[in-house]
Each structure stands twice: as structure tokens, then as C-alpha cells.
Amino acid sequence: MDPQAATGRGPGERSSQEAPSAEAGFATADLSGRETETELAVDRLASGAQSIPADIPAHAEGPSSEEEGFAVEKEADGELYAWELSEGPSCPPMEQAADLFNEDWDLELKADQGNPYDADDIQGSISQEIKPWVCCAPQGDMIYDPSWHHPPPLIPHYSKMVFETGQFDDAED
């Protein structure tokens, strides 16, 4: 006998007492009899176990039960953590990603027609970046002077200091 026909509900109808379907992305947990398993699991974790296997009962002992699998972690109220919810579409389909931005190079070239900087300006600035001494060298003499591209010395040049008479009289005491 069909359970839906026995209750008198249609295929899309749910009663208010039913749990939400798995399609909603949430998992329901049965907490009956889990307190003793939880206590045993806590005791095992306190004794040095790294995890509790999911497919082996919590009362199993020995190192093999720790190595075979991992338990599904749950919050104190028994619900799954947020990162353990049922899987859904993680990224948009490729068709949608392709439609986000359409690039029209012809339109970009037309937009650049009024650009005050043309290729000659760009090439001139690149050649100065590659050979910075070209702008500093005198036109008739191509001898390179290393001081053109070095910072000034760290020791400042001081002029001769002149002291006034009586300026440091109190310092002698």
C-alpha cells in the first residue's frame, strides 16, 4: 500500500510533523541512544585517540579502529556542522561564466583612436627606462660618469663652524 495514499496527501504535500526533505540541504540526526556512544567517544578521545571511525561502533577498542575511518563531526545539538551539509552546485555553470564579460577588441581600438599617447611616445619612454644614461650624457661626449646614477654621499659637507665667545661657558663646569 502506498504511504501517501494511506495518509490522504498528494505527492507534493507534507504534513507539519514530517522532517524536511534531504533536498533542503540539511541533515536530521537521531539522538536516541547516542549519549552512551558519545560518552565512549569522548573517553576514547581523552585517552589519546585522534578520531572516532564512522563505520566502526564507538565501543570497539584498539588501534585498528582509529586508523580505518573518521567520524562525522556534529555540534552539541546533533546537527551537522555547516561545512558538512549536502553538496550543491559549488560554482556557476560554464555558460554563465562565459556571459559575464564579452570583450570586443574592435570597440576598444575605436575608443583608443583619440588617445593622446601613441606608440612612438610609449616606445620612447621604454628606451629611456632601459638606457637611463642616454638622457644624462652630454650630446657630444658619450663617456659614462658613474656619479649620474648614484645617490649623493651620506656624509654631508659641513661648512666651518664659528662659535661665539661665551657660548659654551656653562659646559665647562
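Glycine is treated like the rest: Cβ placed from N, Cα and C.
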Which candidate in Ser15, Ser65, Ser90 appears in Swiss-Prot with the annotation phosphoserine?
Ser65
Among the residues Ser32, Ser64, which does Swiss-Prot list with the feature phosphoserine?
Ser64
